[in-house]
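Trainee: Structure incoming, see below.
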Amino acid sequence: MAERSQTAPEAGNDTGNEDAIGGNVNKYIVLPNGYSGQPKKGHLTFDACFESGNLGRVEQVSDFEYDLFIRPDTCNPRFRVWFNFTVENVKELQRVIFNIVNFSKTKSLYRDGMAPMVKSTSRPKWQRLPPKNVYYYRCPDHRKNYVMSFAFCFDREDDIYQFAYCYPYTYTRFQHYLDSLQKKNMDYFFREQLGQSVQQRQLDLLTITSPENLREGSEKKVIFITGRVHPGETPSSFVCQGIIDFLVSQHPIARVLREHLVFKIAPMLNPDGVYLGNYRCSLMGFDLNRHWLDPSPWAHPTLHGVKQLIIKMYNDPKTSLEFYIDIHAHSTMMNGFMYGNIFEDEERFQRQSIFPKLLCQNAEDFSYTSTSFNRDAVKAGTGRRFLGGLLDHSSYCYTLEVSFYSYIIGGTTAAVPYTEEAYMKLGRNVARTFLDYYRLNSLVEKIAVPMPRLRSKEERRLGWEHPSCLRAEQPLEVLGIPMCSGKALNEHLGNDIQWHLDCGSSTLPLGLISCSPSSSASWNDMAMSNSILLPDHSFH
């Protein structure tokens, strides 16, 4: 049994002594000062000793307020963003305030309405806390660093509640997902182990294509996709799963893509960091996305393996490595968007804008306005920058970013929070966009059957989305309270804050609006422009 910790050195947002946080809390029981008996209901028990868990320390401020300290990434105290922990031994209708006090970033989507995720044992579907109960502010009690506080009311004594920065996606979940695909024995889906992490976790490489494209001597057009190099960026895995789900489906577009293209996907480049609950780094404290120039086989083995494979394909005269897309999540911006490279060749520079513009037309949550092309020095060593300099003029390298929080549909100002399904839908739209890019539309068989209003779960997950089939969480009816500081939270807590997990799974259909490119030059404009030529992607 562990008693409440004594005051320890505080951590600033950019620097700070994190020596007091050596690991995750393990069934940590918070007892009142001077209490020596057995724990009672309401003496909260915190735990983060599970896969992808993160909570380093808990300090009780008052009877109902707790300061929570994120455990820094292993071997690197600079990064403290991801949290994922459970709370149990609660009392019915017990109200609390949790303060996350040691974020390493000052800018955050919490300023724009983002809220932590929550679920419980009796309600296992993740939900966002109501934004009215979440506050992001400078706190004088913590060196004027930014603190995120949220108010919560526990409603079931027997439940274990779990809170997280965003939807978790663990290494084990990923392995189960790939195992389920492998059991289907699809002749166009190939899974191999490209290498192992420092802690001997598997680095999976997926190949999705028609078997004819893998015959020795055949020419190949390769699309290479990677994800989860930053372990706390969990939306990356949902987007990647959406790409995979669509490509292995029987959708006519997926069949055409498999016949003409070879998709190589390494969905989890940092399995150790994912398992440990790090935000940005590997087990040894390295930001792998800054080590593409010279990855070490012992310190960065997963990155080393992927780089060696890409170089091997680049040197193969029968292989045309046409795209490299690295999937990330962004903690301060809305929507999906891309980063691309700057080239001296003006025509090549213009050509690389084609794919993002097509994706904007296919995905309502993708913003071409937020897409940028740069040669930023701080991005040196990233996959996009390194491979953009290595590969020839026919190859394009992008970083695909997606918001941790929400997207804004064109023509509106309302933020639509992302769900797991919405992230996967973006992945499906990324895959579908290759059909437009390679001008393979005429090969897709026309289906004249009307789209039904209600379809099976599998069809909703893999198929084209009809407006009535796009679904989102029903807004929860909650009572909010105003505040600007931790002390104000205490004053306003009272009886007005009561938020309980939604007992049902009701959903509200939303209309689907076609996305138009945000820039002045649409795909059709570009096609008719004298300053840019449509890419010639002939298949012989």
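Positions of Cβ are set from backbone N, Cα and C atoms, glycine also.
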Trainee: Of H142, H304, H328, which does Swiss-Prot put in the Zn(2+) site with H230, E233?
Mentor: H328
Trainee: Which chain neighbours of the Zn(2+) site, leaving out H230, E233, H328, have a Cβ atom within 8 Å of the mean position of the site's Cβ atoms?
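Mentor: Residues close to the Zn(2+) site, other than H230, E233, H328: R228, V229, P231, G232, S236, R280, N289, I327, A329.
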Trainee: Long-range same-chain neighbours of E401 (active site, proton donor/acceptor), Cβ under 8 Å, sequence gap at least 6?
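Mentor: Counting only residues 6 or more apart in sequence, the Cβ neighbours of E401 (active site, proton donor/acceptor) under 8 Å are H328, A329, H330, M333, G336, F337, M338, Y339.
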Trainee: Under a criterion of Cβ-Cβ distance under 8 Å and sequence separation of at least 6, what residues of the same chain contact E233 (Zn(2+) binding site)?
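Mentor: Sequence-distant Cβ neighbours: H328, A329, F404.
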Trainee: Say we define neighbours as other CB atoms within 10 Å of the CB. Which of the binding-site residues H230, H328 has the fewest?
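Mentor: Taking H230, H328 as the binding-site residues, the minimal 10 Å Cβ count falls on H328.
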